[in-house]
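Listed in TrEMBL for this protein:
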type	residues	note
ACT_SITE	A:520	active site, proton donor/acceptor
BINDING	A:178-184, A:260-263, A:312-318	FAD binding site
BINDING	A:458	substrate binding site
DOMAIN	A:146-328	domain 'FAD-binding PCMH-type'
SITE	A:363	site 'Important for enzyme activity'
Ligand SMILES: Cc1cc2nc3c(=O)[nH]c(=O)nc-3n(C[C@H](O)[C@H](O)[C@H](O)COP(=O)(O)OP(=O)(O)OC[C@H]3O[C@@H](n4cnc5c(N)ncnc54)[C@H](O)[C@@H]3O)c2cc1C
């Protein structure tokens with residue numbers, strides 16, 4: 001809106017000169033399937049596979065690449081009852097004829113051509129943008145097909161392109177679903193089954209320039225399609241970092257982070273996305289929502305940045321974001337502390353939060369996850385011997401730790417050498433007050449490395465009738481332990497009822513705040529004796545989420561609502577809150593162009 | 001049928017009788033099943049320390065210290081002292097020795113301790129990952145001993161048991177009980193805040209962090225009358241709070257019934273019911289009662305109701321998320337949670353009722369009482385056998401597990417030979433002087449000082465009633481329907497329901513029932529009664545079948561209660577509207593004593609019992625016919641006369657004509673008044 005109160009379809013800030021912009025080489029090609037798995041997580045060359053009865057990890061992108069994992073092999077057999085000699089093969093990549101014909105009228109097709117923005121109606125392009133990474137998505141890819149996929153993919157290359165697209169969609173009764181990195185775990189990029197209008201998947205991947213860098217104020221302006229690893233790589237060469245590292249940051253996009261209120265592993269040092277965001281532009285059917293200045297904070301009525309943050313593709317397309325940057329830290333160091341039990345670990349984390357001396361990242365794995373992590377070490381000799389031989393004996397015999405209750409806190413320190421030393425000292429001091437003993441850097445490092453590798457395990461699991469998924473929540477400190485217990489109990493009882501014999505239910509505390517923390521659950525089960533494994537999984541997760549909420553936890557800390565958690569949205573924000581959201585939607589998108597149906601089921 | 005049900009019970013004394021050495025068994029290796037297995041087994045002391053460390057207690061200490069200027073350290077010491085008074089302990093050696101002693105005693109006094117083993121094992125299987133609460137009926141001190149012994153036998157952790165303070169002060173026994181897992185709770189009228197906050201936190205601690213089953217009696221106290229009591233909600237609420245506030249994922253309630261052939265305390269109870277106070281629990285008293293144990297007490301039966309899971313019971317109704325905001329220790333119950341807690345308590349008692357075992361002697365007692373009510377003075381053995389048989393059929397029809405097929409009448413009588421005799425003419429009757437009267441310290445009487453004569457003649461009746469009462473829940477509801485139909489002759493369903501609901505409300509403190517206000521239960525009851533051809537129904541309404549003995553039987557066993565309530569109402573009518581609470585019960589007793597003395601018809605001496613009188617006052621209070629009022633230091637019942645008259649009329653129609661006030665002349669001689 002300009003000063004006359006007239007709605008301006010175009011942004012009122014001048015377009016950047018393209019000479020200032022940094023054209024970032026994108027890691028991910030337009031033909032995503034050339035680099036990424038079409039039906040699973042991550043790079044094609046990186047995956048778990050079974051060779052001679054032993055699990056290996058392939059490729060050289062990750063530190064465990066090209067290594068055999070005998071302990072892990074044993075672990076999956078023991079815990080998940082997997083028979084590695086009987087792999088299950090999934091569907092091949094569908095050929096063009098197998099994909100549904102796009103629903104586009106001739107008129108609409110003409111409109112799209114007229115936009116002069118690259119587009120595709122090829123089946124595989126549309127399929128690659130029809131889903132995120134929920135277990136439902138992946139299972140569907142491997143075993144069947146989606147009921148509805150986008151009809152056309154468009155690749156805008158700048159804010160102006162997006163304005164044109166949204167405008168055309170609004171005028172011609174088409175649907176737009178913004179697509180960033182496609183790492184959503186809430187069903188957010190899926191097409192609503194019963195949407196009969198033309199669905200455009202607006203792929204932001206070609207909108208990935210760093211438009212300018214402001215070293216004085218330590219901010220950069222980026223287009224929303226830039227993905228995490230590209231952003232960091234470019235900034236590192238300039239000596240900076242944003243420091244936003246969700247576990248998906250190799251593949252997820254800036255726009256996606258803003259749209260889902262993402263949280264990065266190192267938020268203690270750098271902040272969550274809402275702390276990093278200084279300015280944002282969102283293109284809606286009614287115009288562009290943005291502020292007129294690039295200030296650190298302002299008092300100006302309710303902050304509409306928070307309508308953009310977490311909008312989950314329902315209100316508009318985020319096109320440009322001004323983000324804070326920091327000088328690269330001089331030093332990066334890992335660490336770990338083992339505790340006799342989860343409760344002591346949580347008490348320690350609480351104390352660390354109280355003293356506000358969190359390092360960049362601090363996480364606590366429960367016993368199940370600790371054991372799992374331990375199993376993911378290659379044959380002894382490579383990663384150090386922390387829990388082998390003498391040290392294991394020391395921990396068990398001398399400290400009286402029980403291997404079945406022990407848990408580990410992993411740490412990542414960043415900063416000047418001196419700062420890091422001080423931080424370390426403080427953390428280990430607090431740790432020892434709660435019965436913790438330092439367990440070395442290697443363990444910490446492995447913990448963080450696993451973060452990126454864990455996502456690859458699901459694909460292995462699905463080859464052997466194991467279905468795995470994670471879900472998260474935030475909770476006040478005083479309820480953290482009981483919440484974990486309750487949820488584990490509920491999942492355990494559900495499994496009993498469903499005759500699920502082999503399953504893993506693990507929890508970890510992944511973030512700390514002044515007033516509470518974040519709990520991340522992993523659940524995986526062997527579905528050999530179950531006919532509808534995904535439905536059963538969803539049923540279990542639903543029970544678990546009910547229990548989370550009854551135990552004082554939230555609907556989600558960072559994954560968002562999407563489609564899979566709509567059930568709990570009204571209860572979370574009150575009836576009036578629902579009205580408010582609906583009114584916002586009605587105001588910004590009266591014809592429901594952004595009909596993804598996230599957060600609240602949109603009327604059709 | 002039923003006998004089969006009982007045949008599957010296992011007598012846990014059998015192995016003890018046959019094994020080579022009880023001692024070997026007692027000292028066997030134990031690896032008991034916990035309610036809630038923890039990685040690190042919490043010690044009794046750990047619980048106390050955690051309570052002291054808890055935010056709640058620390059905040060209270062802080063506050064009191066600020067308000068009173070008392071040192072925090074001193075207050076912490078006070079809490080610690082309280083915790084030492086409350087906290088249970090666990091000493092295996094004591095448990096084993098006690099186990100040994102109890103084996104010997106058990107073998108001596110009981111013919112059998114019969115347990116529904118299949119159910120128990122199923123329950124044991126469900127244990128391990130959540131708090132479990134055992135809720136036995138409370139008819140005798142033997143209850144918790146039986147429970148602990150059972151757990152010891154079946155390799156289940158001996159529960160943490162809520163015990164009254166009277167045990168606490170018993171020399172040696174107090175600490176023995178503590179060492180076997182008892183924790184102590186003061187009476188609820190004590191209003192020492194620090195004590196109650198500490199106690200609540202202790203319960204919270206053992207529920208959320210403990211590993212043992214918890215055991216307490218929902219009825220709150222030993223039922224002296226043998227009747228199921230209206231449940232108390234205090235401890236149950238404390239136990240439920242961690243569930244409502246999601247400190248625990250679930251909690252399992254196990255209703256348990258213990259039925260005795262003969263209750264150890266029968267004489268004491270009879271006295272107590274009449275107002276002769278119970279002796280303070282003392283260790284010597286306890287050993288004296290041991291010496292009484294030279295007698296035989298027959299069988300006892302332990303059966304288990306279906307476990308009630310908190311999650312299932314409250315699931316979908318209670319939204320625990322309502323407690324998500326503000327700290328857990330500052331959470332209060334919602335109104336809905338309060339009312340559902342009461343519902344759960346009721347449900348527990350109903351389930352205890354369902355798994356009660358009706359002994360042959362219970363049926364004999366019913367038959368004899370019925371017989372006396374009809375003005376007879378004892379009955380022929382053959383008649384008794386016949387009556388017992390059809391009463392048994394009736395009970396079975398209403399779902400009772402009766403002992404009958406496994407125990408014959410003779411042996412049922414043998415255990416009670418001090419109370420019932422068979423004369424040389426083969427007549428079965430109450431023994432005249434069954435209780436050696438002790439000298440009664442009249443200053444300690446809770447009720448009216450009944451004359452020696454009255455005492456002598458009524459005690460056997462009261463004792464007999466102790467064995468009628470355990471079966472009353474199979475009778476009271478049917479009886480209500482019967483007396484309504486006897487009066488109205490023909491009544492439509494809606495009217496019948498209204499009348500029935502009225503009686504239920506009137507007796508809501510007397511008979512625990514799941515039926516109150518429930519249309520479906522009402523329908524069920526009518527169906528059941530129609531099935532035994534007690535009532536009929538056609539388009540014009542409901543009516544009785546031709547008068548028969550079963551109708552009379554139901555009426556006769558119900559009348560004493562109706563009559564007591566009626567008498568009380570009449571006394572209140574004649575008062576000046578303000579009745580001193582302290583003397584009210586005694587006045588009622590003395591009135592009933594007089595009525596019995598001049599009776600023209602049979603008035604059951606059980607009407608004199610203080611239990612029913614107290615229940616009646618509670619009911620009248622609930623119905624807002626009387627209201628408690630404090631004047632100076634005294635408490636008075638303030639009577640709403642108008643409503644009372646109304647009530648009197650409504651009750652009167654259901655009584656036999658001879659029992660109505662115009663027929664019972666001397667009633668006006670006793671007056672209830674504020675001046676008493
Ligand atoms: C293995 C794995 C690990 C993960 N770890 C984390 C983590 O640590 N922290 C965390 O916060 N999340 C995590 N996630 C979830 C996910 O990565 C985040 O939600 C992320 O922000 C999504 O970004 P994306 O670019 O992939 O968005 P997409 O999946 O493409 O889209 C997500 C939603 O945002 C909308 N959207 C995307 N771009 C735009 C735009 N430009 N304008 C408007 N709407 C848009 C979409 O329409 C959709 O509704 C993880 C996911 C996976 C699979």
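Even glycines carry a Cβ here, placed using N, Cα and C.
Curation plays no part in TrEMBL annotations; they are all automatic predictions.
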Using residue A:458 (substrate binding site) as the reference point, find which of the binding-site residues A:184, A:262, A:316 has the shortest Cα-to-Cα distance to it.
A:184
Nearest-integer angstrom distance between the alpha carbons (Cα) of residue A:313 (FAD binding site) and the residue listed as 'active site, proton donor/acceptor':
24
List the same-chain residues at least 6 positions away in sequence whose Cβ sits under 8 Å from the Cβ of residue A:178 (FAD binding site), in sequence order, or say none.
A:202, A:204, A:255, A:259, A:313, A:317, A:318, A:594
Counting other Cβ atoms within 10 Å, pick out the least crowded of the recorded positions A:363, A:458.
A:458
Could you measure between residue A:520 (active site, proton donor/acceptor) and residue A:262 (FAD binding site) for me? Cα positions, answer in whole angstrom.
14
Per-residue pLDDT averaged over the domain 'FAD-binding PCMH-type' (A:146-328) comes to what?
97
How far is it from residue A:184 (FAD binding site) to residue A:363 (site 'Important for enzyme activity'), counting Cα to Cα, in Å?
23
Residue A:363 (site 'Important for enzyme activity') and residue A:181 (FAD binding site), Cα-Cα, nearest whole angstrom:
26
In the three-state scheme derived from DSSP, which category covers residue A:363 (site 'Important for enzyme activity')?
strand
A:181, A:184, A:262, A:520: which of these recorded positions put a Cβ within less than 6 Å of any ligand 1 atom?
A:181, A:184, A:262
For residue A:262 (FAD binding site) and residue A:363 (site 'Important for enzyme activity'), determine the Cα separation and express it in whole Å.
17
Let me know the DSSP-derived helix, strand or coil state of residue A:458 (substrate binding site), please.
helix
Residue A:262 (FAD binding site): secondary structure state under DSSP, collapsed to three categories:
coil
Residue A:316 (FAD binding site) has how many other Cβ neighbours within 10 Å of its own Cβ?
27
CB contacts for residue A:313 (FAD binding site) [other CB atoms within 10 A, all chains]:
27
What does DSSP call the residue listed as 'active site, proton donor/acceptor' in the simple three-state scheme?
strand
Surrounding CB atoms that lie within 10 Å of the CB of residue A:181 (FAD binding site), all protein chains:
28
Would you count the other CB atoms within 10 A of the CB of residue A:520 (active site, proton donor/acceptor), including those on all shown protein chains?
21
Residue A:184 (FAD binding site) has how many other Cβ neighbours within 10 Å of its own Cβ?
28
